[in-house]
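Asker: Copying in the features that TrEMBL gives for the protein in this structure:
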type	residues	note
TRANSMEM	111-133	transmembrane segment
TRANSMEM	139-158	transmembrane segment
DOMAIN	194-320	domain 'Palmitoyltransferase DHHC'
TRANSMEM	237-258	transmembrane segment
TRANSMEM	278-299	transmembrane segment
């Protein structure tokens, strides 16, 4: 009697396996309430079993066939792409595609953090330009530092916008249909996983985000400061954002120190257009902001680069997952994130790297 190997489940993800033998009379093991899809000789069957019982194949089983048809009908009604809408399907947070082109996560906490980030950059801009650099005893010094600070501040804001509005690598929602699975052309020994939360076929190294309510390719973490997941599609922009914020924070600290010691050697009234108490208070807040975000973003940037060089995401490091994929070398991993062939485009938030070049088939797992 030829039979398919038992179906095993991992966490909330359902494993879908293929076999060359036709399923005749086998028993499947699945988690309670979960559905496993088995593909044998080009035929798909869906079997629902509980923890304490084993169920035969759906071939010739009218009850199982009815469950199969009901499941496929419900999955096929889910949208393939999230289009613009006033709210998500249940009125809660989620991701939308504005005009089908711009990714945006509808999360109150994330939007608040993003707006707060822009306000902090504006405050630093105001203090640096209006208190520290102008008026100044040296016009050349002020102009040079103003150009440098504004250049990196612009890149930081642009990187933040790109990290927030770029699809991090969301898997099409609701594509776990029988027809789609059969169309993958699975071979013996190849396994795919279906997410039970968004009914998507999960690529290797993808994880489900409860805020975006989508499975994200190579998900590193969900960052409220950019109101988005950090994943395969936008990791470059997140790294650039943390790097440029660290640069302008350090630059602001240096300029604030020079200004403070310069004013101690002269009259405070001549150092700023504001009163001495107001000048000191604004500079103290700027120093506090600069120290906090210089340390935070520098550590975050270093952590990201360390993970990229080791070809590991933050989630994989936390879970201590054993790599089932073929790890790339440090240089290849960096090029996979920032784009192939080193150039100044690596440091530009306006250059979108080609994340699909040199990739293996997205849904295949080898066992």
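Note: Cβ is positioned from N, Cα and C throughout, glycine not excepted.
Note that TrEMBL annotation is computational and uncurated.
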Asker: So what pLDDT does the domain 'Palmitoyltransferase DHHC' (194-320) average out to?
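Answerer: Reported value for the domain 'Palmitoyltransferase DHHC' (194-320) is a mean pLDDT of 92.
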Asker: Apart from its near flanks, which chain residues at least 6 from the ends of the transmembrane segment (139-158) lie with a Cβ under 8 angstroms of it?
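Answerer: Counting only partners 6 or more residues beyond its ends, the transmembrane segment (139-158) has Cβ contacts under 8 Å with 118, 121, 124-125, 128-129, 133, 240-241, 244-245, 247-248, 251-252, 255, 347, 349-350.
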